[in-house]
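According to Swiss-Prot, the protein has these features:
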- 1-36: region 'Disordered' (REGION)
- 1-10: compositional bias 'Low complexity' (COMPBIAS)
- 18-30: compositional bias 'Low complexity' (COMPBIAS)
- ASN22: N-linked glycosylation site (CARBOHYD)
- 46-66: transmembrane segment (TRANSMEM)
- 83-103: transmembrane segment (TRANSMEM)
- 110-130: transmembrane segment (TRANSMEM)
- 141-161: transmembrane segment (TRANSMEM)
- 169-189: transmembrane segment (TRANSMEM)
- 200-220: transmembrane segment (TRANSMEM)
- 249-269: transmembrane segment (TRANSMEM)
- ASN312: N-linked glycosylation site (CARBOHYD)
- 317-337: transmembrane segment (TRANSMEM)
- 356-376: transmembrane segment (TRANSMEM)
- 414-434: transmembrane segment (TRANSMEM)
- 447-467: transmembrane segment (TRANSMEM)
- 516-536: transmembrane segment (TRANSMEM)
Amino acid sequence: MGDISAATKAPAPPTPATPETNTTSSSSDTDVQHEPQIPSAASRNLVIFALGLAILVGVLDATIVATLVPTIADDFHSVDSSAWYGSAYLLVTGATQPIFGKIYSTFQSKLVFLSSVAILEVGSLVCALAKNSPTFIGGRAIAGLGAAGVISGGLIITALTTPLKQRPVYTAILGSLEGVGVIIGPIIGGQIASSIGWRWCFWINLPIGAVLCAILVFCLHPPKQTPEREQEQAGKTWTQKLAQLDLEGGLAIAGSITCLLLALEWGGTSYPWSDGRIIVLLVVFGVSLICVAVHQHWKGEAATFPTRLLKNRTFSMFLLCGLCFAGAQFTVLYYLPMWFQAVQGVSAAESGTRLLAMVVSVIVVSVIAGGSAGAVGYLPPFVFFATIFSSIGAGMLYTLHPSISKSKWIGYQILFGAGSGTGIQQAIVGVQVAVDHDDMAYATSAVMLVNTLAGSIFIAVSQTLFLGEMKRVTELIPNLDRHTLLSNFRSIRDKLDHQELDIAVNAYNRGITKAFLIGLVLCSITVLTWPLIRWIPLKKTEDPVKSERRNDPETLNAGNVA
């Protein structure tokens, strides 16, 4: 514990001598962070409440269908297309994140956010009224588009409307709601479907959306753009602003991401990784990614994502932190309920309840760390904390076995949740602090995209290791087919003799703990970012990036570096 304390309480070192690449071409002594224009604390709290509610609705909409799929597929008599009930939403949400970064940087954030909520509500309405599977899938895709704007927009607006030193705690609160939505979505969906019908899972979004829109219309007054950006946009018509969106680049990025997500969704489950369809998707993704990168670099400031931001060392390191912490957390959240059900033989509902230790840890520690970061004035100490605690927690989860005590798996969850939850929130705030005010939307959408892709990528990697163990089980127990083993193992536990059950349970345990090993590796990688993250102060009302740039002699001598 002494080492942990030393790591989290280390004094802030002087500004590193090695400069970072500047994210802007000029700076002025008059450039300041735009202070919130919310007139009162009550109004601000209402706005944060509405933004949090919107994010929660967006995340719940993604996870609530997990327990509804069999019921909806039965109603529509369309089992073959049921996999798209969840995938359509997630694919569109992930693929359109970069586009919304460009939209938020071009148009007024309040208008874009309210429009995103409206799109999400339209998608929910289509799902609630759907008479067949294609209509329902279309509604899910529409809702996913709205959710992309809502989830990233909530964090962007929070960054624009809260003082810099208070931003970590507000971001932690909103980010914690995402974790809550992931856990409680399937539980709420099952309860609503069994009591009043699955369509009410979507009807209920409409009054919630109306309430939060009313709050934001009257209480949200986000700051205007910087004078430079206002001058740049002055006199431009809507048509000219739409032309700025780099639609061809945005669509190319969305297409490339869609190919990757489809390959990860289908690979190893619907089709083997060696299947031609999976190979084609991965090849198209790789080629299109190279083409998109060249196109975005060539477009410069007109691109969907300005590639110059990647030259900012602190921004890139916080992106890496987001990738690692989110990848680890998604992997654990995906496989830990499976461990409870398959290895310990509990129900799906009970496995969700057993995750509460991690959920509470993520919420409580993330909020405390966010408030502490604002008080301390620097983010790096909390990245150290996140790396240490998440690595220890993931390492402990790797030691899970069928006869482990309840106190241990609860304690391991608390450690991992505290570290990974803090790490994800610090990454979100970190990318925002590392860039100038006008680049905040790009930075936020980038880290949200990275978080989304991390979950898909590392769950797929873990699944490959897991399926390898399952293959050995079917070889040892010939009468146990692979499909039943993977989809309905709990229901057949009583049909296996003692020896067969031991073989199957231990194989499940080995396969799932290998997934936790992936989480351990990811969390440990973040230690490499420690010496590379710049100690940017959070307590200044002035733009910290520009302030550091002016006060660093080497920066001034370098001209275009910070």
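Just so it is clear, glycine is given a Cβ too, placed from its N, Cα and C backbone atoms.
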Intrachain residues whose Cβ lies under 8 Å of the transmembrane segment (516-536), provided they are six or more past its termini: 12-13, 15-16, 20, 313-314, 317-318, 320-321, 323-325, 327-329, 331-332, 335, 378-380, 383-384, 386-387, 390-391, 394-395, 397-398, 400, 416, 419-420, 423, 430, 433-434, 458, 461-462, 465, 544-545, 548
ASN312 (N-linked glycosylation site): tally of other CB atoms within 10 A of its CB: 25
For the transmembrane segment (46-66): best-contacting stretch of 83-103, 110-130, 169-189, 249-269, 447-467, by Cβ pairs under 8 Å: 169-189
Outside the transmembrane segment (249-269), six or more residues from its ends: residues with CB under 8 Å to it: 83, 87, 90-91, 94-96, 98-99, 102, 275, 277-278, 281-282, 284-285, 288-289, 291-292, 295-296, 299, 303-305, 449, 453, 456-457, 459-460, 463-464, 467
Positions on the same chain near the transmembrane segment (83-103), where near means CB under 8 A and six or more residues out: 61-62, 65-66, 68-69, 72-73, 112, 116, 136-138, 140-141, 143-145, 147-149, 151-153, 244-246, 250, 253-255, 257-258, 261-262, 265, 270, 304-305, 441-446, 448-449, 452-453, 456
Winner by Cβ pairs under 8 Å against the transmembrane segment (169-189), considering only 141-161, 356-376, 414-434: 356-376
Sequence-remote partners of the transmembrane segment (317-337) [C-beta within less than 8 Å, at least six residues beyond its ends]: 182-183, 348, 351-352, 354-355, 358, 383, 386, 390, 394, 397, 413, 416, 419-421, 423-424, 426-428, 430-431, 434, 446-447, 450-455, 457-459, 462, 466, 512, 515-516, 518-520, 522-523, 525-526, 528-529, 532-533
Within-chain partners of the transmembrane segment (110-130) [C-beta distance under 8 Å, separation at least 6 from its ends]: 54, 57-58, 61, 76, 100, 103-104, 136, 138-150, 153-154, 157, 199-200, 202-203, 205-206, 209, 212-213, 216-217, 220-222
Dominant neighbour of the transmembrane segment (356-376) in 141-161, 414-434, 447-467, by Cβ pairs under 8 Å: 414-434
